[in-house]
Each structure stands twice: as structure tokens, then as C-alpha cells.
Amino acid sequence: MPNDRIGPTQAAVLLLAFTLGSSVMFIPSPALAAAGTLTWLSVLVSGSVGLGLLGCVLYLHRRHRGRSLVAYYREVFGRWLAAPLLLWLMLVLVLMIANIVVGMGNFFTSTMMVDTPLFYLHAPVLLAAACTARAGIEVAARLFMLFLNVIVLMIIVILAVNLPNYQPQLLLPQYAPSTLPVLHGAYVLYGFPYSEVFVFGLLLEHVRLRQRVAVGRALVGALLSNIVLFAGIVLCAGMTFGPLSGQRSYVLYELARMIELTGTVERIESIAGIVLIAGSYIKATIAFIALHRCMARFFQLKQSRALILPLSLAILFISLTMFKSGTKAQEYWTSLWPMITSTCVLPLLAAAVLSAFRRPPARSG
């Protein structure tokens with residue numbers, strides 16, 4: 001795995017797949033509840049913040065000549081300060097993976113598979129993600145190109161087939177426009193998925209050095225594609241459900257339920273389930289790879305792949321016990337999670353500022 005190398009297109013696939021992931025199913029609804037028909041503005045605000053964070057990640061990657069995040073944290077902050085920052089980063093990645101599978105399990109137990117024990121939903125996704133992470137980032141990037149095409153195609157099909165249900169007049173605000181709801185929606189979207197772009201600080205060391213410039217353009221294009229898709233989903237939801245959009249727990253799922261073609265094709269919400277399973281698997285795998293690389297670099301492990309399966313078992317137990325109900329999980333994701341991810345974003349920003357005043361080092365580690 002340390003010798004795995006990916007190109008700009010593969011890196012862009014990973015970023016788009018990661019930022020869509022499971023968030024395309026969960027986050028539009030709480031954002032719509034917060035900002036209403038102006039949620040598309042929240043998408044633009046939070047997406048702009050995500051682009052700024054991506055720019056910071058790319059700057060550090062170029063400034064430190066492709067070195068790992070662990071290496072340049074140690075150089076910029078010193079070993080004693082870098083150690084707690086990196087340990088906290090690893091803990092956040094563990095929580096991220098657990099949250100991904102919790103969200104997927106909550107969706108199925110509240111919609112399609114009400115009586116299914118969570119263990120039978122969490123375990124297969126975690127096992128598949130762990131096995132793919134063991135295979136390496138190069139294998140994952142090739143595999144996810146196929147999955148990403150399927151996910152994006154299904155999202156576009158759901159939005160396009162619902163065209164007869166759209167009523168653009170429902171997008172008109174019921175009250176005088178206000179800044180606070182837009183900022184609230186942006187806060188929700190910032191936490192999940194745009195602040196999570198920091199994860200790619202751990203993955204860019206795998207990009208081929210001679211393609212460092214091209215990867216910047218590819219990643220920015222991928223994140224812009226994510227912003228367009230999210231804006232399209234919230235606009236389509238607003239035109240379909242109007243002011244009640246925020247009361248729908250899973251907007252994309254509800255849009256899929258609305259599909260009916262000449263009385264023969266209807267209730268194809270299973271498509272939304274496929275999108276969620278594939279997205280959760282992809283996002284969990286990418287987070288696993290980032291966690292594995294961080295641990296391998298931090299503890300200087302040579303046979304680090306053996307860590308992945310025990311880690312997946314520990315995360316399985318965490319995911320089964322961390323929330324008492326789906327409501328508690330939703331509150332956590334929309335209120336606390338943006339603050340938790342910010343604790344990983346702030347050191348990254350500080351590293352960028354400090355690196356600007358230092359001489360760029362030679363590539364190592």
C-alpha cells in the first residue's frame with residue numbers, strides 16, 4: 001500500500017465519491033429544515049468553504065513536495081504538539097466511519113427493513129470497506145469509478161423522472177429572506193461533507209509527483225460537481241415538496257417514491273437504497289484508507305495492513321452502541337459533528353500559515 005500511486009482522475013473520483021457518499025441521502029433534509037427554499041444558497045456558501053479548505057490541502061501538498069500529512073505536521077508543529085493532534089485526527093476518523101454505517105443502518109431500519117437487527121446491516125458494509133482498504137488506494141480508485149458512475153446516474157435519473165412533479169413556484173420564500181437560516185443550513189452542510197475534505201490531506205501523498213499540478217484542477221472540478229449535484233437535489237426537493245421539504249427525513253428517497261410512469265413503473269425507492277449502500281461503502285473505505293495511512297506513519301509500522309480488520313471490528317461495536325435512537329444521531333450530525341471536524345480543520349489551516357513562512361523541505365516520509 002505505501003507504494004500505491006494514483007493519477008489526477010482517480011483522485012478526483014475518490015473526492016467526488018467521498019463527498020457524495022452517504023451525505024447525499026442524509027444531509028439535504030436537515031439543511032432544508034434549516035434554510036427552507038434558500039438551501040441552494042447554503043450549498044453555495046458551504047461549498048465555497050469546502051473549496052477553500054481543498055485549496056489549503058493542495059497548498060500543503062505542493063509546499064511539502066508530496067510528503068505525508070504526518071511528516072509535515074511533525075515538522076511544522078514539532079513532535080510533541082503533532083502527537084496529540086494526530087491522535088485526535090485518528091479518533092475523528094474512527095468516529096467518521098462509525099457514523100457512516102450508523103446512518104446507513106438507521107435509514108434501512110426506518111424505511112425498508114424495519115425489523116432487521118443493526119448488526120446485519122453494519123457488519124457487511126464494514127467488512128467490505130475493510131477488505132477494500134486492505135487492497136490499497138489504487139485498487140479502490142479503479143473500483144470506485146464504476147460505483148461513482150452508477151451513483152451519479154441514479155441520482156440524475158431520480159431527479160429527471162420527477163420532472164412532471166416539479167412546481168417552481170414552491171421555491172418562492174414564504175417570509176422575507178433572512179441571513180440566519182441560510183447560515184444555519186450552511187453550517188449543517190459544512191460539517192457533512194465539506195469540512196471532511198481534510199481527509200484528503202492524508203491521501204494526496206499517493207498522487208504521482210509529476211502530476212501534482214494536474215491533480216489540483218481535477219480535485220477542484222470534482223468538488224464543484226458535488227456542489228452542483230447538491231444544489232440540484234435541494235432545488236428539486238423544494239419544487240416537489242415545497243415548505244414541507246425539511247420534514248422529509250430522506251429527500252432523495254422520497255423523490256424516488258414519487259416516481260410513477262404510466263402506472264407500470266412506480267415506487268422505485270430501492271434505487272435510493274442502492275445509492276446509499278454504495279455511497280456508505282465508498283466513504284467508509286476512503287476513511288479507512290486515510291486512518292490506516294495515518295496510523296502506519298504515526299506508529300512507523302511496516303506490516304500495517306494487519307490493523308485494518310481489528311479496527312473494523314472495534315468500529316462495528318462503536319457503531320452499535322454510540323446512539324440510543326436515530327433522532328439522537330441526527331442531532332449529533334447536524335449540531336456537534338461540524339464542530340468536531342473543525343478541530344481537524346483548524347490545525348490544517350495553522351499548518352498552511354506556518355508553512356508559508358518556512359523553506360519548503362525535500363521530499364521524505
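Just so it is clear, glycine is given a Cβ too, placed from its N, Cα and C backbone atoms.
TrEMBL annotations:
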- 43-60: transmembrane segment (TRANSMEM)
- 81-107: transmembrane segment (TRANSMEM)
- 119-137: transmembrane segment (TRANSMEM)
- 144-163: transmembrane segment (TRANSMEM)
- 183-204: transmembrane segment (TRANSMEM)
- 216-241: transmembrane segment (TRANSMEM)
- 271-294: transmembrane segment (TRANSMEM)
- 306-323: transmembrane segment (TRANSMEM)
- 335-357: transmembrane segment (TRANSMEM)
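The stretch in closest packing with the transmembrane segment (216-241), judged by the count of Cβ pairs under 8 Å and taken from 119-137, 183-204, 271-294, 335-357, is 183-204. The stretch with the most CB contacts under 8 Å to the transmembrane segment (81-107), chosen from 119-137, 144-163, 183-204, 306-323, 335-357, is 306-323. Within the same chain, residues 1, 14, 17-18, 20-25, 68-70, 86, 89-90, 93-94, 96-97, 100-101, 103-104, 107-108, 111-112, 125-126, 128-130, 132-133, 136-137, 140, 144, 147-148, 150-151, 154-155, 157-158, 199-200, 202-203, 205, 250, 252-253, 255-256, 304-305, 307-308, 311-312 sit at least 6 positions outside the transmembrane segment (271-294) and bring their C-beta atoms closer than 8 Å to a C-beta of that stretch. Comparing 43-60, 144-163, 183-204, 306-323, 335-357 for CB pairs under 8 angstroms to the transmembrane segment (119-137), the maximum falls on 306-323. Through the fold, the transmembrane segment (43-60) approaches residues 15, 19, 31, 69, 72, 182-183, 185-187, 189-190, 193-195, 197-198, 200-201, 204, 215-216, 219-220, 223-224, 226-227, 230-231, 234, 345, 348-349, 351-352, 355 of its own chain, all at least 6 residues removed from its boundaries and within a Cβ separation under 8 Å.
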